[in-house]
Structure formats: C-alpha cells, structure tokens
Amino acid sequence: MSDKKKFERLFELYTSLMLDGLVDKNKFMYQNKISLRTFQRDIEEIQLYLQIELILENDRYTLKKEDLKKLKRGFNFDNDNLKKNVDILFSVFIKKVSSNLSFIPHSTISKLLPQNIDDDYYDVIVISNNEINNISGDSESIEKLLSCVKDLNDISFDYYIQSSNINYKVKAIAYLIYYFQGIWYLVAYDKKYKKIKTYSITSISNIEVMQKLKFNSNKEKEEYYKEYKNRINNREKLIKLIEKKRSIYWSDNELTKTTICFNSDVAHYFKNRDYGFNQKIKKTLEDGSIIVNFDFSSFTELRIFLSPWLGSFKIISPEKFNKEFIEHLNNALSVMQSE
C-alpha cells in the first residue's frame, strides 16, 4: 500500500475524530477497501501520531473526552515529542500549511487538510488533491494580501460588487484571510464605516499599502508600536470570535437566542461537535432527539447554518425565525415547481 494512500486514510481518521469524535470501523474499511489488519494498523498509527487513546465499542472507535478537547485545541508545532512521533508525510504537510498560511484561524487550516467525509457538514470544504495555497484570484494580489495581513497594514484597494456592477475604493486595516464555504475572504476594519467587514478576495484589486514604516521622531515610533500591539490584540479577538461563530457574517445587531430541536438521526453530531454560535445542549428527549440553544446575529446566518439539516430539525424559538424559514422554503419550492 502506497504512502500516499496511507496518508489519506490517516487524515480521514483524523477528520472523523475531529468532527464526530468517533470512527465507524465497518464504514471506514468498506469506503477505503482495506482489510481488518490494515485498518487496525491505521488505528495504532493514528493513536501514536496524535498521542490519544481510542476505545472500541460496538464496532466504533471513540475518543476520551480529554483527548477530543486536545484535538480541538489543535497542534503545537513547537512540541518536540510531536515532531518525533508524526511520520514524515503527516509532519511535512501540517508544517507546510501552518507556515504558508500564517495568521489564518485554525478552522480554516483544518479545512485545507485532505478529507474524505460526508458533505453534510455545512462548513467543511473538501479540497483533497488541490494545492495547499490554491486561493482563487490573481496570485500577485494574494501574495500582497498575505504580506499585508502579516504586518497588519493600513491598505487601500478597489472592490467590485458583481450584483450591482459597481467598483469602489476601500481603506481598511488588514486583519485576517479566512476561507468559508468555498470562498476566500479578507477580514478587515473598514475605516469609512468604522466596523469589521469581509471582502471576497476574487473581487479585490489594486492593493496598496497606505502607511510606510518611516518615523520622524521617537514619539511617532512609540505611537506606532502601541497601535501595532492593539491591532495584534484585536486580531486575536477576531480569531476567537470567528472560531466561535464559524461564520463570516457580521452584524451590528444583538445576537438572537435561538432554540432548535434536532431529530435523533442527527443528534449525535451536536453531542460530539461544537458548531459554534454559542452552541449549548439544553436537553435530550426520550425519543433520542436533542434540543440545542444557539445565538445568531441574523436570520441569514441561521438559514445558511440550518440548510444542510433540512428535514431533521424544528425551530422552537423565536417564532419569527420559524416563520421566516417556512417562508424561505415555500419560496424555494415555488421557484422549483414553476415552469
């Protein structure tokens, strides 16, 4: 069996453990067309590489709660023990992603790993066999943006809105590059509107750095480094917020507390994985269904999150979200049934 195939299987094990907290033995063997012996060898290797212990029960390998938390925190690439235990393919790939896509949230990096998982996961993009840095758009602009984000530069650029066929100038502070549902975004502080906004990278052109590192006095230098430190802190807050929300939709409105009941056939996903939006399990019902609380900043955010789960949930509250979702579905059916 080639190293490439083994490499892909190990990452499939890794993503299954990350997303579901378990690996189904029979399903994994069938999908990868491997023997029980090969599967057991893969299980032994992934335990060694990730420094975890898997528990076999009813043909499923599950994680201990503390090991699941460790996986979700991500890897420490300066850990000497990890470097010794991870095989060369796994190690080189992880380090390459980490070094080339610095200052990008961990959830984005995890989406770039070769994966072979169900498409039902709303925010997981399958990019196996693609180049690691395959960001759509002009390569020169991408390189410039990566540099600007690294240095937290004040920048200006032209931004094209296709739906309105307009082009306008933006002045902003470059904070992050984020990958969401198949699209690369620049997350930046828009100086005109004085708020964090997201811009599709494919619509950005004519990028210029507005502020050069030239100081006329020590006071100017001190003020610059004070501002730079503030920007680093702001970026850390943004990363935490995006990791929590798992969304690039921003709203000045207050978050709306939302309660949703998911059917028993999908309840285990929410027990084993945190989808963000302040997810909190409220109650498990006798039939196996589960009631979960979320905080959403808008109906659009809720609609996009729930769409992959159609037929498996009911919005309990607020009633306005339930009505809007039903109206959205009726409109969609009307369009689909029209001649």
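Our numbering is plain: 1 for the first residue shown, then up by one each step along the chain.
Every residue gets a Cβ built from N, Cα and C, even glycine.
These figures come from a predicted structure and were not determined experimentally.
Positions annotated as coiled coil by TrEMBL: 218-245.
Shown for the domain 'WYL' (142-209): DSSP residue counts in helix, strand and coil, namely 13 helix, 43 strand, 12 coil. Feature annotation from TrEMBL assigns domain 'WYL' to 142-209.
According to DSSP, the secondary structure content of the domain 'WCX' (256-332) in residues is 34 helix, 24 strand, 19 coil. Annotation source TrEMBL lists domain 'WCX' at 256-332.
What TrEMBL lists as transmembrane segment is 172-189.
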